[in-house]
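For reference, the structure discussed in these notes is given below.
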Amino acid sequence: MAVDDYEELLKYYELHETVGTGGFAKVKLASHLITGEKVAIKIMDKESLGDDLPRVKTEIDAMKNLSHQHVCRLYHVIETPKKIFMVLEYCPGGELFDYIIAKDRLTEEEARVFFRQIVSAVAYIHSQGYAHRDLKPENLLIDEDQNLKLIDFGLCAKPKGGLDYHLMTCCGSPAYAAPELIQGKAYIGSEADIWSMGVLMYALMCGYLPFDDDNVMVLYKKIMRGKYEIPKWLSPGSVLLLSQMMQVDPKKRITVKHLLNHPWLMHGYSCPVEWQSKYPLGYIDEDCVTELSVFYKYSRTSTTRLISEWSYDHITASYLLLHSKKSHGKAVRLKHPLAVGDQAVTSFKELRPKSKLDFEEPNGEIAYVFGSMDFSDEELFSEDFTYSSFEPHTPKEYVKGRLEFNSVDSAPATPVVQRNARHKNEDKENSNTAVARDENVFLHPAPWTPTPRRKQNEKKGILTTPNKNTQTKEKNQSKETPTKKPIGTGEEFANVISPERRCRSVELDLNQAHIDSAQKKKGAKVFGSLERGLDKMITMLTPSKRKGYTREGPRKLRAHYNVTTTNIVNPEQLLNQIVRVLPSKNVDYVQKGYTLKCKTQSDFGKVTMQFELEVCQLSKSEVVGIRRQRLKGDAWVYKRLVEDILSSCKV
């Protein structure tokens, strides 16, 4: 880790453990120093990105202009010569995919709750002129209140002529791709999203995909036929809705507008799906402004002006995280400057809107498009809308791989599948969303002021659903357990925290790069020295000690849907069984305590899957469990593999 690359980031955040990895990025859990709020930081290496750099630009531009209760919030963007950091809303519930496989499948009632939120998010982004183009359970996260947040806008499109403008680039995940995409035809982005939503809803209620095959070309043929299996547990209403979304002819597909108050989505509800944003960026909360101005000793007028520039720097992040605290019923308070060092305070006044990120800009000046769909001016549900139906049938299987290939003006009838087909200057489908800071671009409806609410812990209970004969697996919920040190609470931050302790979590002593020790009080220096010596002593004596571990056994965790319970009472016995099984499944692993860091590789040595299996003790019981976390690789392949491993362990 180069000091220069992380110097700016460490002024404002304390890094914790890695919670996800990808082809060119990793995601770390972190704490915002002055609010104490948890965030997720997506760390991307520019050199590794290569020709995918425009995709990052697309994602950042989209997230800067999307603010919705079911869209993951962007807080802060930091660029260095080698790195790009995206500071995002942290969703401790993990991926919706993991939730599905842990429960085998969802009941119709639970699927309806989630699907209404998905429709809300998609209707909103369509109203802002965007098509997502990569809708799938892995791109929906669950927050602390069991609400969904849509993520990963790297493949989204904002057509220059609005959503009725035809697109040509075929992208996304093969199993969720609409027939017109894989045929290489020009398509409407919003129509393709509807098909993906149908596949997603099917996965919610069935626990597997409607179209799947290990051979991608066979998979395409199944998709183009549009025939899939109808399990006996699906109700007539859900079967009808699935058929309306997964119509091979995009013109016969139901629209988002008609989904908003579709009978299936309205069942048990008195109002249509609310798609409008409750958090328009044009609204600035006075309580948050007051706290920021007092904390930084800056005038309210100047503070308001800096916030309203929406530069997605530390000012934006501090305001949005403070506002998030308020909306969750927490005190609108920032931590004392001594607890976070003077750098954050002095930097606030010095921060000004910076130049755009160093991305290649599209040619020409394109008008910025807002609200290409106006749902409120028309009847939400047309009486003359005719629902077409058919009898789909396809056996259950699993998917693998991700589709992303680009076509130019004339697309071939049979597309050539490529893993990373990139064109350096290609972003022809998106309008120029780079926003000049002196322009009034945030034209929003009247703001909705969130009323403070307490965390609704009762909503976190997992509904019971009939399960198959194998216990299913899923990704990390243990994101709340830092690898290097526990995440500080508000009370912990009230004390003076030396920069040495704060930087320990990123494995290097980076504090000298960004802490001016001359600004520290003498007492702070003394305590910092004592703490530094104490840290060294603890590290020498217990180099692998982690929060929750004891010499006697594994960590104690709360029962969660990413923890599989077992009938084995001896944790060492369970760990040994897993270790014996892994080689037979061609899984390499490294053992650290009761955690097994696993990976699979292709014949050419490329890592295709990374995940963790941890033997743990469930709190308030003597039951031993296995925590599962997918870090990298295809979700459905991961599902099969971990099911196979645990089945062989006979747990």
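From the backbone N, Cα and C atoms, a Cβ is placed for every residue, glycine too.
Now, the feature entries from Swiss-Prot:
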type	residues	note
DOMAIN	13-265	domain 'Protein kinase'
BINDING	VAL19, GLY20, THR21, GLY22, GLY23, PHE24, ALA25, LYS26, VAL27, LYS42	ATP binding site
ACT_SITE	ASP134	active site, proton acceptor
MOD_RES	THR169	phosphothreonine
MOD_RES	SER173	phosphoserine
REGION	284-323	region 'UBA-like'
REGION	328-651	region 'Autoinhibitory region'
REGION	410-490	region 'Disordered'
MOD_RES	THR414	phosphothreonine
COMPBIAS	423-441	compositional bias 'Basic and acidic residues'
MOD_RES	THR449	phosphothreonine
MOD_RES	THR451	phosphothreonine
COMPBIAS	471-483	compositional bias 'Basic and acidic residues'
MOD_RES	THR481	phosphothreonine
MOD_RES	THR483	phosphothreonine
MOD_RES	SER498	phosphoserine
MOD_RES	SER505	phosphoserine
MOD_RES	SER517	phosphoserine
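Sequence features, as recorded in Swiss-Prot, placed on the structure.
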residue: VAL19; record: ATP binding site; DSSP class: strand
residue: ALA25; record: ATP binding site; DSSP class: strand
residue: ASP134; record: active site, proton acceptor; DSSP class: coil
residue: THR169; record: phosphothreonine; DSSP class: coil
Taken over the region 'UBA-like' (284-323), the model's mean pLDDT: 94
Which recorded positions sit within 10 Å of SER173 (phosphoserine) - Cα, from VAL19, THR21, ALA25, VAL27, ASP134: ASP134
Secondary structure composition of the region 'UBA-like' (284-323) [DSSP: H/G/I, E/B, coil]: 30 helix, 0 strand, 10 coil
